[in-house]
Amino acid sequence: MAVYVNSTTGPPSSVVRNSAGFHPSIWGDTFIPSGNSAVQKTDVDRKEEENLQLLKQEVKKMLTAGDTCQQDLICLIDDIQRLGLSYHFEAEIDTLLQHVKDSYLEYYGTKNHDNLHDVALSFRLLRQEGHNISSDVFSKFQDSDGKFNEKLVKDVRGMLSLFEAAHLSVHGENILEDALEFTTSHLNSYLNSNPNAPLADLVRRALKYPLRKSFNRMVARHYISIYHKYYWHKQVLLDLAKCDFNLVQKVHQKELGYITRWWKDLDFTNKLPFARDRVVECYFWITGVYFEPRYAAPRKFLTKVISLTSIIDDIYDVYGTPEELVQLTDAIDKWDINILDQLPEYMRHAYKPLLDVFAEGEEEMAKEGLPTYGVDYAKEAFKRLTVTYLHEAKWLQAQYFPTFEEYMSVALVSGAVKMLSVSSFVRMGNIATREAFEWLSKDPLIVNGLSVICRLSDDIVGHEFENQRPHIPSAVECYMKSHHVTKETAYAELRKPIINAWKDMNEECLQPEAPPKPLLERVFNLARVINFLYDGHDGYTHSSTRTKDMITSVLINPIPA
């Protein structure tokens, strides 16, 4: 936020604008088609699409064959999901998992069924689908003292499956907490002793990015690259995965060309040079929320919303004066294009596009014969967001140091993911009912969990950079002061609520009154992307290294045939 500096020789006060020193966009016009080279379907693309359909039919036969044993079916489903293909076979997978659920206790609950991989994998697959399967099924792998049997250590694939299953725990499931501790320790030991073993790639990846906390495109890109190494791999699945990944990538490239052209026409680089220019990173973020081609409309809408949110965040956080920020907050509350001229000129460049994007979404939904009430919910969420932005700006102006509790009461909203959750429902079609928006507006566990994960993950990795300019204290500084502890202790303590937040999110997904899974997945996917972008550093603000590599692997480089 800009501050006033008094001068005895000049005017009564002058405005000193802050600068955060954000690096410029690293992408330039990379994704904007030049001349007549707009992404068009070629004969090669058409052949690939035909090949895709043929391969899909082969896999569908594998899923519907009546003579396949249950162990093989759950392994097949796991591979399909890891390879990013499950959206092609949703009905078949739902039917199969319902059969697994119906026979679960009879099949896996007996002491005779002691295959750890089968039990843990089926548990994870069912929990992922919202089936509240009891974790007591793992007690048969414990000794009389309640400890996991050491003989399990030799079953590396089983240990890996138990590790992944443990990340679907809810509060009070001590057996899964013990399982996580047990498997983490022994899988790390396995890696140290067998760094080049075939399973080492899977183990290494899981320890860093458990499946429950990973987003689809990154999981698929990695698994496709190593799947051929494993004795259980199926060539038809690998061929389908490569074909599908590359075709979906072309869909994303075409959309990103449209998005970057829209962004370039807004000319924020010249009109608002103090703000982060991260539209490509925003699109990448939103492909983590929904990557499937059928979600093109919500993907474009949410990308525009998050891109403009980033600009407006920087107006509050870096550039605007207290008086200007009050004006902007009031204008957003009124949501009226007729007051555009009352704003400072630089703010108009962000205010008008904001209103335009929501109006565009509303018009498109009306043309499709869909109700538009979701846009109103998203507007209200955006208004609440900017109120917290202003609250933090006032803290900075007053040089106020909030308690940790005060800070979190505001910062859980200013992290913007509550607004993004609402906005993620807007273009989802008829499944996003008024009841779903009402449920979301009451801050359910899954949204609060997401907010905690976002805010604390961001603050832990980003607070030192923010402290290089005038900025409010982060959760780290507030916790240090409130509890009289060191920075390292604060980090450790703040990671505990993040762990609990994931459990909250898992719990919400098992509630019968929760909205349909396609809606819950949007909220959960926001947390998954955050888990990647804020891993070790702020990969959104500082996107020129690891984030660049991730974007390149998902949105630029096709997978070789």
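Cβ atoms are placed via backbone N, Cα and C, with glycine included.
Small disclaimer: the values here were computed from a predicted structure and weren't measured.
Record note: among 18-22, 313-317, 383-387, 533-537, 313-317 is the stretch given as motif 'DDXXD motif' by Swiss-Prot.
Outside the motif 'DDXXD motif' (313-317), and at least 6 residues removed from its termini, the chain residues within Cβ reach (under 8 Å) are 1, 20, 22, 272, 274-276, 325, 328, 346-347, 350, 386, 389-390, 392-393, 416, 471. Classification of Glu466 (Mg(2+) 3 binding site) by DSSP places it within a helix. Secondary structure of the motif 'DDXXD motif' (313-317) per DSSP, as helix, strand and coil residue counts: 5 helix, 0 strand, 0 coil. The separation of Asp317 (Mg(2+) 2 binding site) from Glu466 (Mg(2+) 3 binding site), Cα to Cα, is 10 Å. Calculated from their C-alpha atoms, the gap between Asp313 (Mg(2+) 2 binding site) and Asp458 (Mg(2+) 3 binding site) amounts to 14 Å. Rounded to the nearest whole angstrom, the C-alpha distance between Asp458 (Mg(2+) 3 binding site) and Asp317 (Mg(2+) 2 binding site) is 15.
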